[in-house]
């Protein structure tokens, strides 16, 4: 009965409620004739991003040591063929890394954002649990995995704390820049004027966020994108949600049909504001300390 209720609810959700998004990700699978080539390309990009994201973190090297401990442990406790234990444990790691990306591997347009990489954490957790030895091995094989697990957990806590502080400071910086921008716009644009804004440049990172991005490099930039940057759709969200201003975006007719010539109205440390017809072009600046 529970299974039937689940199937009915899933059918209703799929047919009547869900609105598929095809702009940056798709649930369409490769045809069988392209499955190996397409899946291989997705796997290559996935593993490349995993390496680029994690290679600057202690977590990456601790996991490598844990993988070696996993292999050595199964070779050590094997009572039959040591070679078979070695090959099978290495094969398990290789296959585990491959399938940790899940069904994204076979999608024509998979998601490569950090939130889609949760499977790698699950795979590492399986390795950690499997490496906790029973009474069949020596003391070092009982203690080393436990020490590594503590260090891995500690490295994740440190990373999560640093990330939380960095993203909080970046959010505060975005709100500050939004307040400055709205104040400047209100000094230029009258309340009854029908106008739109178009963004260029970017605001950069908050001073307190830069050390996190500099240290962690690729994963830092992917986890904390520069929200107010050019005509990215999310650039307008602070204006719409934080201050609820009535200006149209770059897709509005005022900016789509703006004249080629523009006039500089305001220039300061944070932005330059130009006017072209009813479109206000905002050149955001990344102020240097």
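Heads up, the Cβ atoms here are built off N, Cα and C, so glycines get one too.
Sequence-distant neighbours of the transmembrane segment (59-76) (same chain, 6+ residues past either end, Cβ-Cβ under 8 Å): 51, 82, 85-86, 88-90, 93, 124, 127-128, 130-131, 133, 137-138, 141, 144-145, 148-149, 151-152, 155-156, 159. Annotation source TrEMBL lists transmembrane segment at 59-76 (among others).
TrEMBL lists 83-104 (among others) with the feature transmembrane segment.
Per TrEMBL, the feature transmembrane segment maps to 116-132 (among others). Among residues of the same chain six or more beyond the transmembrane segment (116-132), those with a C-beta under 8 A of the stretch's C-beta atoms are 46, 49-50, 53, 63, 66-67, 69-70, 73, 93, 96-97, 99-102, 104, 110, 145-146, 148-149, 152.
If you look up TrEMBL, you'll see 144-164 (among others) marked as transmembrane segment.
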